[in-house]
Each structure stands twice: as structure tokens, then as C-alpha cells.
Amino acid sequence: MELEKIWPAGAVDETIDTLSAKHSPDGKTLDLTGLLHDPLVGNIALVSSFGTEAAVLLHMVSQAKPDTDVLFIETGKHFNETHDYIETLRDQLGLTSLKLIKPDEKLLAQEDPKGELHKTNPDMCCTLRKSFPLQDAMVEYDGWITGRKRYHGGQRANLPFIEREERQLKINPLIHFSPKMIADYFIEHKLPPHPLLAQGFRSVGCAPCTDKTKEGDDIRSGRWAGVDKVECGIHLSPEGGLVRSN
């Protein structure tokens, strides 16, 4: 069957309707185990930032479908603490299929030879170090799992459990999770916190573009602080355009 017939144009299609009816009939809960084993889903990966909330989804997927590929975009700009956290979670959760996705070295040498593009053009930096590498890696998958949540606000405020990004499914199991639910999940399942959380980093991305946040501030306010930018760009709109800011 031609791919275009499997994934017809538009943000919602028969595949999503069928999966939603089977695995989220009430629209409030999601049977993640059933969904990930559904033949309609195909070959799917979990894309994780290994940030402050990431352990929740990593644990869920490790229980629902342990052989799921976990993709981490190694931008070359991450905190050392994030690398340590990856190893901690890999061991504790038994992540047997962790793959590091890296930028094209030749392209970086051409467009960001000094490694300082984030200072002058953070959008382009994210495109080179995150969006392009992920797009290349996703060629072999039918979709991916994200940890986005509605409480993050902005483009995320109205997320569905299942959506489509061009020809690929995107599954968002945590859309209804609140900060308290996340904290409770960490406690219940004895998950280790990200090492930077205790230092005031409530959302962690690349080191040069991540600041601490004050209690009461939006959780993502420390990302690209002072810049009109709220997303790195790996998430596309239903029309297939890169999402950059509100």
C-alpha cells in the first residue's frame, strides 16, 4: 500500500481515529501497552531529552514495551550531569536499545565552526544540532513517543494523545500529567531525579541555552531566556512546519 494512502493529508486520519477508539476511548486515559503493541503503530521510537521529567515516560515505556528504541539527540552542548543521568537511567530502567543521534560534522564545521552559533542564531543552532539529525534518524520509524504535556502551555496546551506529523504518528502519553502527578510518579517508582533539579534547573536542555528558574515561574522559562523562542524545533505543526515560538 502506498504511504500516502496510509497517512492521508490532514492532522487527523482514520488510523488515528481507530487507535484512539481502541486505546483511549474516553479521551482521558491511554492504554500505552496496548497502543505500542498495536500493528497499526508500526516501528516506533521514544525520543527523550533525559531532562528533569524524562524518567517518567522512560519508565512507562520500559514497562510497556522494553525493546522500544530510545533516541537521544547528542547535540554536543549538553550538561555533563545529563550524560551522567543517561547512564543512571540506562542501568536502572534496563534501557537496552538506547541510540545517540548526532549532528552532521561537516555541516557543523561549515555553519558553526566555532561552536557559538547559539549566541547569534539559536534557531539555526537547534536546526543543525537537533532537527536535522532527528529527521534523518526518523526515516526508519513509523512514529515516535514524546514527553510533552499540556501544562507546559503554548503550543502544547491542546495536545492530543495521538497525532500525526506528516507521515508519522506522534504519541503523547503524558498530556494530562501535572507537576504533582510527575513528582508522585517519581516517588512511587523510586526514580532518581536529574542531578540539576536540586540546583534550580526545572527544565534542562543544552547547557548554553538553559538557565535556572524561580519557584512559580513557568517550568520552561529557563529555556532560551530572553529570546523569543519556546521550542527547539523538533516538533512540527500538523502542516509539517517547524514550530518555533508562540
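In case you wondered, yes, glycine gets a Cβ from its N, Cα and C as well.
As given in TrEMBL:
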- C232: active site, nucleophile (ACT_SITE)
- C125, C126, C206, C209: [4Fe-4S] cluster binding site (BINDING)
- 44-211: domain 'Phosphoadenosine phosphosulphate reductase' (DOMAIN)
List every residue in the same chain as C125 ([4Fe-4S] cluster binding site), at least 6 positions away in sequence, whose Cβ is under 8 Å from its Cβ.
D112, L117, H118
Work out the three-state DSSP category of C206 ([4Fe-4S] cluster binding site).
strand
Ranking the binding-site residues C126, C206, C209 by other Cβ atoms within 10 Å, which is at the bottom?
C209
Integer average pLDDT (0 to 100) for the domain 'Phosphoadenosine phosphosulphate reductase' (44-211):
93
Where does C126 ([4Fe-4S] cluster binding site) sit by DSSP, helix, strand or coil?
helix
